Protein chains: 4
Amino acid sequence: MTYTLTSHQYGKAENHIVRIYRDSPRHEIRDLTVTTAMRGAFEDAYLTGDQSKVLPTDTQKNTAFVYAKQHGGGTVEDYGVALAKHFVDDVEPIHGARVDVVVDDWERVVVDGEEHDHTWVRRGPENRTVTVTVDGKGEEQTVHVGGGIRNLVILKSTGSEFHDFLTDGFTTLEETKDRILATAIDATWGFAATPPDWDVAYAAVRAAVVGTFATLHSLALQQTLWHIGGAVLDAVPEIESISLVAPNKHHFLYDFSRYDTDQENAGEVFHADDRPYGLIEATVTR
Amino acid sequence: MTYTLTSHQYGKAENHIVRIYRDSPRHEIRDLTVTTAMRGAFEDAYLTGDQSKVLPTDTQKNTAFVYAKQHGGGTVEDYGVALAKHFVDDVEPIHGARVDVVVDDWERVVVDGEEHDHTWVRRGPENRTVTVTVDGKGEEQTVHVGGGIRNLVILKSTGSEFHDFLTDGFTTLEETKDRILATAIDATWGFAATPPDWDVAYAAVRAAVVGTFATLHSLALQQTLWHIGGAVLDAVPEIESISLVAPNKHHFLYDFSRYDTDQENAGEVFHADDRPYGLIEATVTR
Amino acid sequence: MTYTLTSHQYGKAENHIVRIYRDSPRHEIRDLTVTTAMRGAFEDAYLTGDQSKVLPTDTQKNTAFVYAKQHGGGTVEDYGVALAKHFVDDVEPIHGARVDVVVDDWERVVVDGEEHDHTWVRRGPENRTVTVTVDGKGEEQTVHVGGGIRNLVILKSTGSEFHDFLTDGFTTLEETKDRILATAIDATWGFAATPPDWDVAYAAVRAAVVGTFATLHSLALQQTLWHIGGAVLDAVPEIESISLVAPNKHHFLYDFSRYDTDQENAGEVFHADDRPYGLIEATVTR
Amino acid sequence: MTYTLTSHQYGKAENHIVRIYRDSPRHEIRDLTVTTAMRGAFEDAYLTGDQSKVLPTDTQKNTAFVYAKQHGGGTVEDYGVALAKHFVDDVEPIHGARVDVVVDDWERVVVDGEEHDHTWVRRGPENRTVTVTVDGKGEEQTVHVGGGIRNLVILKSTGSEFHDFLTDGFTTLEETKDRILATAIDATWGFAATPPDWDVAYAAVRAAVVGTFATLHSLALQQTLWHIGGAVLDAVPEIESISLVAPNKHHFLYDFSRYDTDQENAGEVFHADDRPYGLIEATVTR
């Protein structure tokens, strides 16, 4: 064949690593789902099946687990950078590595009014995410760290309008001055510089997202996303850009006028529909 | 055909009802997924296709939504009882009705240190459940209310052993005096009497489940379930029985001895496996 | 505590076992997800944490895999019976065992018009299921084999009516003489005697389900289920009873009259809705 | 704020449209999940909340359903092009539109040896996908059609090796000359020209994918993907590029040597693991 392998990468997806910190009786837990992806001089593996330059995904898995001990003492971002740099720095054919981490949150339980030393319950559905990309060797190496939040399901029961939109022959939607606005925010952001504290930066982003969604009187989910993006850039000066993907999770007011009832439905009872849903996307850059 | 219709029921599953309480600027939200199931004199619908005694599932849906307003002012249990009794009391061919409710939890957001009036984020993965069963008409009618918790994912990083088990020729499991114990508890319970406050009773059950899991030094998940059951019966005297189903979500210590590393893994790095999983079940009755 | 452990069982869920038969160049594949559950004298494991009578679920897993070789030469039912009997017959504290098997179907691929010797594609979404229950030891032992089909998604575009149903003040559903009828059948059945060939019996059940759904002019999903049950009992005389659970997967005719269009929608364009859905259940017994 | 809205789009996701063709007693069915996404002059909707240039996603939904009748007589690709062009050509602020279609496959049932006129069962898990992108107005307009296959789960029980790979201090994987190779192929491809028949082209792609996977003696999944890409380009000259994403769904030989058994496991019994999995990606271009 005379075709071209125009892009390629390979790695190990969804290593589910639970790290317990037990240096004191009060344990800590970190629950990471880690995906590694390698780019480099692997053309022969594709073209001829020659594996001599391929670090098996099984080895990547082993490394991800060992590094959870060896480089697990700092932040998740530190761990991701150490792991990605290892692949690029220590394995000759690897020219670039990407490490994606999804963090599952555990909440320490309270028993008889006191936080328990070594028991937690899972708290979701939202996840924090971290992405590290290392490209190149030696002096030319670049390291990029990105953050994210996934599936932040949020709803406001008022303070949302939608009207004066464009109409055509297929329009049936009625205008509204008061509706439920609900979404499940997926956001990712990139840093132009390292913030003083990764966890503080994450908390500031989340607070900006939630606070803006709550307090902005919304004329459309588009407008809400734009203001969320701006608030995040305001809150964390090291972030250079944020991308937002947000379904409009429709809550339809249930029409009581069709029934033999004296009940009125003044913005009180809604059918939360599954599909289809609006899908709004925006990237806001400093 | 001369066969027998030995059991039958029908209903509407998974009506996703969101109820907003907006009597004051501080709104409240209740998010219910409601399933209704009817039993009664519907044999003709099966045998001949005669629908004259069948209240369509579409009508059940409409009723579930209207009742969320009309009888939505009290507890979820009140709503379930009103809805189930309506079907049995007001629709002649219906002899029994079951209403299952799955409650999605929303947490009020905090903005600048203050709880927001009308914005929440979803909190999971656990759900509270309520089941109401109404059987019979008039004097002979019985009403049973059950509670439940679904997918309470909980983990302890120490305080769990497993050893001195039965062995045979297929045994390879090693004994352990210290392991992670993790599960996702599904529990359902029945009430012999109405508790003073349904929400207080639920909170007491959850606290008993979580507290026992945390504080009992576990020799097996079986033992933990038994003690959880007892603690729940202790905590809420109106509960007569509780059934527990709990997967043993295995966390395998990652074996570092196979690598060229000086890192040790003293109960610190685990692979959280998906399948297979242990599955332990118990019913504890007063 | 003075409460009672009124029921209990434990086992290993979802062992995903792929068995390859390679005695000839034309391989065969069997893909089984096997769950084992044990009942017996395990009270001490619950009450005191004494594991001396508990065969660990890890051992059950090992056994399920080895038996896939040792007893995997016959039908899935043979395998299930051998595995369940092993636990009860060979492990003293076990008084009863249940083995549930979900079979994933693989279809041999055709290359250049010829069936390939050792390559398949997954075919779903439906699964065949097998359940074996062994209770008691020695002379008193009973062995029950059940079959099932899960998630058989089936749709007919005409030949389905729904009208002359019971109405009340909440009724808004319109009657129809022609609609789409769609469901996802879950069926389980028990055998009073061993059929000559398990696979032939399964094929006969599936043909009866599909054929009845297709050819019966339906006045309601209830009626369809009753006739399916009868047809299955007609087709396989060893089956004594069949239970059917079937969602009514609603397909709503999209209303074109609201638009500026000359298009008509004469039973041609439907919105396939997700939730809520009707849920119809029936058990038909010989 | 002085930030920049660097990219944005919006639309309606997952319109589940079932189209029945009933011009003759032998009906046909087409089951489409349609997502629309618009690009254009919508900045004001983000920056000021002004909706005057926004065609609501509800209207997009209505249009997608009506077009399933009005432009549903040809191929799925024809439908997608008509729908995408409508948005760009007929709605002034829309400069570009993307229509993604996921096709669910239904297989006509056979009753008593004859294909039934109006009943089908769902066949999966794989889906065909179609993507249409229309950019620009009038003379400058470009129309791109892409095809795809999603979740083609395929397995070969022999004819796959993996050895002579790069090793380091974290390597524990053993070399193998005979293993199960299994994956779930996601492929997307773009056309440089319109093929004579879209359905024939799709069938040719699928045959090339399946045939190459089956017949190539594999030295790595990377090599298999490269040869699949080449075979697709060979099979359909109008395709200019194909991207493949393929998890390595690991099947681990179950180690019988640890048990008290005389059974050997000569490539016969495997544990099909869920996570982690290898993930291999490649794009092959003409």
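Positions of Cβ are set from backbone N, Cα and C atoms, glycine also.
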Recorded urate site member, picked from B:Arg30, B:Arg39, B:Arg179, B:Arg275, that accompanies B:Thr57, B:Asp58, B:Phe162, B:Gln222, B:Asn248 in TrEMBL: B:Arg179
Spatial neighbours of B:Lys12 (active site, charge relay system) that are distant in sequence (at least 6 apart) but have CB under 8 A: B:Thr35, B:Thr36, B:Thr57, B:Asp58, B:Gln60, B:Lys61, B:Ala64
Reduced DSSP assignment, B:Phe162 (urate binding site): strand
Among B:Phe162, B:Arg179, B:Gln222, which are recorded as binding-site residues, the nearest neighbour of B:His250 (active site, charge relay system) by Cα: B:Arg179
Conformational class of B:Lys12 (active site, charge relay system) under the three-state DSSP mapping: strand
Residues that sit under 8 angstroms from B:Asn248 (urate binding site) by C-beta distance, when 6+ apart in the chain: B:Leu181, B:Ala182, B:Thr183, B:Leu221, B:Tyr277, B:Gly278, B:Leu279, B:Ile280
Whole-number Å value of the largest CA-CA distance among B:Thr57, B:Phe162, B:Arg179, B:Gln222, B:Asn248, listed as 5-hydroxyisourate-binding: 49
